[in-house]
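Record features (TrEMBL):
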type	residues	note
TRANSMEM	7-27	transmembrane segment
TRANSMEM	33-51	transmembrane segment
TRANSMEM	97-116	transmembrane segment
TRANSMEM	197-226	transmembrane segment
TRANSMEM	246-271	transmembrane segment
TRANSMEM	291-313	transmembrane segment
TRANSMEM	333-356	transmembrane segment
TRANSMEM	467-488	transmembrane segment
Amino acid sequence: SALVMPLSCLIGSECAYTLFIVAIYWITEALPLAVSALLPAVMFPLFGIMASKQVASAYFKDFHLLLTGVICLATSIEKWNLHKRIALKMVMLVGVNPAWLTLGFMISCAFLSMWLSNTSTAAMVMPIVEAVAQQIINAEAEVDTIEITYVNGATNPALELDGMHICTGFLREGIPEPRPTPPEPGRKYRNQRDHMICKVMCLCVAYSSTIGGLTTITGTSTNLIFAEQFNTRYPGCQCINFGSWFILSIPITIIILLLSWVWLQWLFLGFRKSAREQASAQVIADEYKRLGPISYPEIATLVLFVAMALLWFTRDPGFIPGWSSLFPTYPGFATDSTAALVVGLLFFIIPGKTLSRTSNGKNKFQSCMPWEIAILVGGGFALADGCEVSNLSAWIGITEVASNPATITIFLPILAPLAEAIHVNPLYILIPTTLCTSFAFLLPVANPPNAIVFSYGHLKVIDMVKAGLGVNIIGVAVVMLAVMTWAVPLFKLQQYPTWAPVLSPVNGTGP
């Protein structure tokens, strides 16, 4: 046993070294992110942490199948301009002010993630957010162009809004139209403000998808693991259920959501009101009219879009049996990726127009597939597995690199006996631990929503680190406020409960 401990410590330190190296490369982006994500596949076998076969299996998991199905949906949405119709309609309803649009998207994502998985929510909303950002930027560009041509005494009636594709996650086909005020050569955006709009809208989707999941027991895997382990350890407690958790968490979600919105606006955009909002709104309205009536391919895509959301929602909602209960022999076999792939296959089966190809002859789906982000997420999974195998996660809980379910699974069995030993209500410690485990906002690999929005190419790692640090601090502060105030009467945290075991004091001076 004297040799086991030093060997365990050595493996843990080697895993920590690998983690440190990969984190440095990700933050500095000295190498492409996907290339840096392959380092665990090289270093773990050499250090004896994991066999090469084990590491390789971490690079393709259930998430990648979900991503494949969602990419099929997003490609069809982009191909038939459904995202543009939805985006223009939403901008017409809410207005072109990026601050209010961001808040609207955050509320929508948070509500959806209460019932859908955080990953599904981010994947479903992000194409619409991307299109909204594009339309706002294009509208302002056209207003600028109109003002310039008016000052110069010239007009350009043939000017089309859809020509400039500044901020989009997928390739666009067709003959390019005249572009109003294009960005300078070598630049993706007209100016810094355009880039900031894309950044803040991407981050609002990632963070609100995670924040909304806190609200319900079924909203995140960490909440489910907590409920399962808590009810198993304390069968006499009937205080943790869907309703009580919702009452506890809904104020937490609302406060964190609003403060995070203020933080993101202050960090990237500020609250300045654009003088061109009214003119931009008119441009948006005119562009929506030019779309004409909704077409058959748009309707078919919208139906499949809704079908995927319904399949995600009804698979296992928690408070009622879902469609997965139709297969009782194989519980837990069907996941959100199963539903995503079913709908994804239907896009190739349901007749429509012939799938077009890009100019180089490659299928559009292949060109849209974010292979780099798939490898990046795989590297995050490999690091999480390495932290568990080497017991590094038992030394330090790093939820930014170790998976949230792994972190909560490690800490709950440790903290519950600790609460009993110090004669404190276990919920007083376990509730904030469960909620704070979901606060993984710093890195693209911290959770799937971060990875999805990062794949659109508007963010750097340092952007997510700066924004995520503030959201982490806000989240922890709000959770501690909740535990100190309204959670006390809700769960009677001020007294040691009867359903928890009473440990006999140990006196070493006795006979």
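Heads up, residue numbers simply count up from 1 along the chain you see.
Including glycine, each Cβ sits where the backbone N, Cα and C put it.
No curator has checked TrEMBL annotations; they are predicted automatically.
Most Cβ pairs under 8 A with the transmembrane segment (246-271) among the ranges 97-116, 197-226, 291-313 are made by 197-226. The stretch from 7-27, 33-51, 97-116, 197-226, 291-313 with the most CB pairs below 8 A to the transmembrane segment (467-488) is 197-226. Contact between the transmembrane segment (197-226) and the transmembrane segment (291-313) is not supported, since fewer than 3 Cβ pairs fall under 8 Å when only residues 6 or more apart in sequence are counted. Ranked by Cβ pairs under 8 Å to the transmembrane segment (7-27), the stretches 33-51, 97-116, 291-313 are led by 33-51.
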